[in-house]
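Here's what TrEMBL has on this protein:
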REGION    1-22  region 'Disordered'
DOMAIN    103-284  domain 'Malic enzyme N-terminal'
ACT_SITE  TYR126  active site, proton donor
ACT_SITE  LYS197  active site, proton acceptor
BINDING   GLU269, ASP270, ASP293  divalent metal cation binding site
DOMAIN    294-553  domain 'Malic enzyme NAD-binding'
Amino acid sequence: MGDVDHQATVGGGVEDAYGEDRATEEQLVTPWTISVASGYTLLRDPHHNKGLAFTEKERDAHYLRGLLPPAIVTQELQEKKLMHNLRQYQVPLQRYMAMMDLQERNERLFYKLLIDNVEELLPVVYTPTVGEACQKYGCIFRHPQGLYISLKEKGKILEVLKNWPQKSIQVIVVTDGERILGLGDLGCQGMGIPVGKLALYTALGGVRPSACLPITIDVGTNNEALLKDDFYIGLRQRRATGQEYADLLQEFMTAVKQNYGEKVLVQFEDFANHNAFELLAKYRKTHLVFNDDIQGTASVVLAGVVAALKLVGGTLAEHTFLFLGAGRSFPLPAGTGIAELIALEMSKQTKSPIEETRKKIWLVDSKGLIVSSRKESLQHFKKPWAHEHEPVKTLLDAVKVPSHPNCSNRIIWCGQTFTKDVVEAMASFNEKPVILALSNPTSQSECTAEQAYTWTKGRAIFASGSPFDPVEYDGKIFVPGQANNAYIFPGFGLGVVISGAIHVHDDMLLAASEALAQQVTAENYEKGLIYPPFSNIRKISADIAANVAAKAYELGLASRLPRPENLVKYAESCMYTPIYRNYR
């Protein structure tokens, strides 16, 4: 076997220096750090460490004799042992900490566990457990992961980026910690979110771990409990706002482009309402940026809605949509993001102007139905949804409004609470009401799966942001679906990387939604599911990546030329695999 052919096996035009992609699985690699890793250094390097799986030949070649017990085991046996150990923990946070420790000592084994046991471990490394981990991050902090950029680094952000050991970065997930899931301002402790998201970019989407960079921008926190907490790891000051905040973000975005080029994907994550839309609007024309809370949520919801039409009948344009987004846990900016993508898809299907298709979608905020008489006092992102109607004060009254008497169904997303009255009212004129309770973590969900099935007498088509256990109602077992952004962003990111896209276009989000909706099988529909099982997520991500890349090429936004003939096969060949490599 020869060396890795760096030019032939590239993802997004970047060398596969560590032998991470599927295309290089059978080739010998050299365990480089600054020099060739050997001995104790090799065992402490998570990129190359294999523990007891080092062969006799490798133990001789890399000075490992005596540093390991004599037994040699397979990666499969290591996985079996670790899964057994993980299942002994009764507390989810203990499982999370065990998984993070594994990631820090044996990266490939961490991803092998996560990929092979995705449905069991996804709730451990991400929502809901990651929420508790962020709340207690100061207490459980053991080893720094990612980059921390605070106000102390103002004027020196480019130097800070250069401190990161990996140079070929393709995806950055960045947060300022102000709105972590539905848990509010967790400041610097929000780092658990970028770390968790990027673990999913790799495990579910196949983006190389070496190409991923989690970043927390620490501008302070307004969380009084954290400011008084001896174990808090961030700046002990109130949040910077206004020009000071904008200047720091501007320096950060400029430094990212200067250090990594224009093809690095920057995903904004868990920014507060007042910053989320502004940052996306400001940088989407100059940088390759994506906001998962707005665009990723919109894409996964659209996919679920398109799939649900197979069960409830009709086309998008034949239905009315009502969104409640006034709550803390799932902000209205995300609601308007979903609404806009649904309106775009309607416009595409009906060839109608988007101004017309928006009229099929109604929004409710804390003051009631958004109507034209309120337009002067509305935030800018709400104004396109202010339609002609008399004022309506509550969600329940809005559900009952017969604004479209010929409409057979309303698909409602909300951001605060789904009450029994609201669900029963919806079920009164829908044979199969579609309920998407998207807020994370589980404790913040608008209603539980059991409530949805019980209040609709088993007729609901239900999906939630965080997982719920199966529910028994009237002698029948219902398996709740999961409308998790993890269906979209990993494959979307891979598609952007392999095409070398330079901007994110809304049509690329539509392409991701369409690809996901197409993965729902007849068997899934029979069970009332509008999303495919996570067990197939790597295949789903490859299909999404191919669809997104195809759209990037079609729009002239792809820089990776020539265009591969078979984008699905190309995506699969570029995907990271956690199989141990053989060292020379």
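Cβ from N, Cα, C; glycine included.
Unlike curated records, TrEMBL annotations are generated automatically.
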Whole-number Å value for how far the residue listed as 'active site, proton donor' lies from ASP293 (divalent metal cation binding site) (Cα to Cα): 15
Any further residue of that chain within 8 Å (Cβ to the Cβ centroid of GLU269, ASP270, ASP293) of the recorded divalent metal cation site: THR175, ARG179, ILE180, ILE193, PHE268, PHE271, ALA276, ASN291, ASP292
Distance from LYS197 (active site, proton acceptor) back to GLU269 (divalent metal cation binding site), taken between C-alpha atoms, in Å: 9
Residues that sit under 8 angstroms from ASP270 (divalent metal cation binding site) by C-beta distance, when 6+ apart in the chain: THR175, ASP176, GLY177, GLU178, ARG179, ILE180, LEU181, GLY190, ILE193, ASP293
Number of Cβ atoms other than its own within 10 Å, given for the residue listed as 'active site, proton acceptor': 27
C-alpha spacing of LYS197 (active site, proton acceptor) relative to TYR126 (active site, proton donor), in angstrom: 7
Most crowded position, judged by CB atoms within 10 A, among GLU269, ASP293 as binding-site residues: GLU269
Cβ atoms near TYR126 (active site, proton donor) (within 10 Å, other residues, all chains): 29
